[in-house]
Amino acid sequence: MMRIGLFLLTNLAVLVVAGIILSLFGVGSYHGAGGLNLGNLLVICFVFGMVGSLISLLMSKWMAKKTTGTEIIDPNAPRNQAEAWLLQTVAELSQRAGIQMPEVGIFPSYQSNAFATGWNKNDALVSVSTGLMERMNKDELRAVLAHEIGHVANGDMVTLALIQGVVNAFVMFFARVVGDFIDRNVFGRQDGEAPGMGYFAITIVLDIVFGILASAIVMWFSRHREYRADEAGARLAGKQAMISALLRLQAESEMPDQMPKEMKAFAIAEGKEQGFSLAALFQTHPSIEQRVAALQQLNCP
């Protein structure tokens, strides 16, 4: 579940860069003597928004490895029984889920956590923390792996990219509409005059502000997909094992979160936040209680 935080951070960076390029080199295609050409602007923003989101998606696996320090297990030469068991279990779950074997890795973290990412379901990465390996029994660990395989099989990252691309398009569109309004009514730009530096500065700031606010839509999808991944984990590894794994994660919820901020939404668990906490609209996960309650209603062994 760390996958979305990384995706959002990368996407925001790409969105800002795309916005700068659009403002500097594309302004003439939607800004004329009569003001904004809203049709042209919407098309251009849609193209830039989708491209930015797809770049984030394509970079997600590489950035996940670098950000978490994930070390990939050589499928032909596991170094110990634990690594061999991980490879065997992921291979079995992947086959049952109907996807190709993903890369399997381990990242250093005392906190029990895991994530899956990748640009498509047949080119994915599943990684677990050292803390997860040390403190969960095999049934619980298998359930966590099944949960992550569920994310991959459900195509969550691709769906996220499509949602984020549409969100990006509207963020860039409204940033430029509002920026044009401010440039005319606050900075006094007259009809026929080219946008000045004030317009460019405003649109870049609005890209960031609107991008953060619009992430609430993506966070809603993140919360929704956790239930689906929990269900997949329960069907692949057993409902009680999935519930047991979640309850163990809940027992560690008072631990400070060691996951890099940009990876939190990719993780299966979030530790206790230190200091200010964002509103519920920006939470990447439902509560453990909500997830367990949903699993208990599930009709499966």
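Each residue, glycine too, has its Cβ placed from N, Cα and C.
Since we're looking at a predicted model, the values are computed, not measured.
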Seminar exercise, completed: Which of GLU71, GLU226, GLU252, GLU289 shares the Zn(2+) site with HIS147, HIS151 in Swiss-Prot? The record says GLU226
Problem set entry | C-beta crowding around GLU148 (active site), within 10 angstroms | 30
For this session: Round to a whole number and give the Cα-to-Cα distance in Å for the pair GLU226 (Zn(2+) binding site) and GLU148 (active site).
Result: 10
Exercise. Including all protein chains shown, what's the count of other C-beta atoms within 10 A of the C-beta of HIS147 (Zn(2+) binding site)?
Worked result: 28
